[in-house]
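Summarising the annotation, TrEMBL assigns domain 'Amidase' to 93-545. Taken from TrEMBL, the feature active site, charge relay system covers LYS148, SER223. Residues or ranges marked as active site, acyl-ester intermediate in TrEMBL: SER247.
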Amino acid sequence: MLGESKYAPNWEARCAAKADQLEASLPKEWLMPASVIESFKLKEPLWKNKNNLIELDIPRRSGILSDKEYAIIQTDTPTLLKKLASGEFTALETTVAFCKTATVAQQMINCLTETFFDQALERARELDRMCEKGCLAGPLHGLPISLKDTFLLEGIGATLGMVFLLDNIATENSALVDLLLDQGAIHYVKTNVPQTMLSADSHNLIFGRTLNPQNTMLGAGGSSGGEGALVAFRGSPLGVGTDLGGSIRIPAFVNGCYGFKGTASRVPYGKQQIFMNPGLKFMSPVAGPIANDLDTLKIFSRIVSDARPFRYDYSAINIPWRVLSTDQNRRLRLGVVSEDQKYPLHPSTKKVLADAYARLEAAGHILIRLTPEECRIAEISEVMCNYPVLDKSVDRIVELEPAVPGRERLMSEFLAVKKDYIKPENLVNLTPIELWGYLNTMGDALLEDWRKLWVKYNLDACVGPPAQGCAIEHDLFGMVPYTCFLNLLNYPACVIPFSKVEYIPDATYEVKEGQAGPPWNAKALEGTAHTFQVFTPSYQDEECLEISGIIDKCLNGHVQ
């Protein structure tokens, strides 16, 4: 009919109702009154102004947490697990502490999509009764773990921030949810994601925009942006996200956290809510941890691997976690990923990387600078970005609602960057199955070339930037070439926070024709956490985390 909206009927009212449902689920006694929020003297609106909520220590000043609850959320996760096992902290008081902090976080940074506090508290009581009898449910006994919205929990919504899934209620648990429960974990919240899950800005029309707690005028990353923001805010001791192009690593590093994407299928991924055609498996997404320290990433990875994940998910690989006898003082041979001229690095990124490389070399590590022609970042990114073209169901779904600005930014960058590798006629003339085969053939060749690099230089690991910059102003992140290439290669990768962005008064940054990159607002980014990416070949997840520990010690002084 002429003039009829192309969007889903009543989409605005239905989105508002879902958002109201989330707000109503927050216990009133855990909400900060307006007078307390006013005492923080924040610059409004938050998303357009620089506010460091971490430095303001909002959880402590909220008036919601007791002194012991505040001490609980400030305890590192490895120590927290020991205190839970010994009974020094009960599961109930620990869960209450993180439920309260998550509620405070929601008021400040809008990071949640679903809460199920009552179920979490009841499970905590059950675990405490076990502990009183001298039993533990497992190595994660009593630990609250937050989940990205993609994970299914029976009876809980799973919308992915998309209108067409507004009424979706899970009828079963995701495989990893069941595994973590069997290890003693407590699930209590799910967290926000971008519209379509394909951008690095966690903003959608149902739940709105998630803010970065270290600088509210910057994005929280995506697609596990709610997880990264909640963990940084200390509202979760361990968050679980997913990664198909950088969606664990980007939210981890932009929020100043640690994140790990392992080799596909080492962590069970089954029974996730997705919006793409499940039968079109271009490459395997990965579930993995976001935390405030590297040891927590190791604990998660070891416990999941040792829990025989194939019992929960047919696609999970049965590889027990290997305990390595790594010499923490040994010299490493590290390949250095170079800047790709199609995706220029911010001046602050170049400075932080130069400082990191200098520290590593001063510690005796051997750095081998790989050329852009060896790294093939732009070529891999071009292959990666053309896989979604094969799924025509995506077009029908996204047409049901208006696009948010971050999604439009991603598309504009993709169209702007110069294409040199895929022949245009192949995108038009090949059938979908032929195009799929063509892209897979290109991917196989890239995998073989990278295999040769590991052998040629006898590398222990590679290091480099996870992005062109650090956290970026809302709606401007764009493409993710420095993370997505590792998804095509299926390499485990870890991000480590290192240093802060410094204002460089005389530096300039320009994105020329045929290039793509986020704008560089030096003043806005000043003081923001920067980071470093470490990766190894497939199935060397243990080596990746061990080497990351050596590098973390060198750069940050953290002893693993």
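Each Cβ is built from the backbone N, Cα and C atoms, and glycine gets one as well.
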Can you see whether DSSP assigns SER223 (active site, charge relay system) to helix, strand or coil? coil
So if I draw a 10 Å sphere around the Cβ of SER223 (active site, charge relay system), how many other Cβ atoms end up inside it? 32
Arithmetic mean of per-residue pLDDT over the domain 'Amidase' (93-545): 96
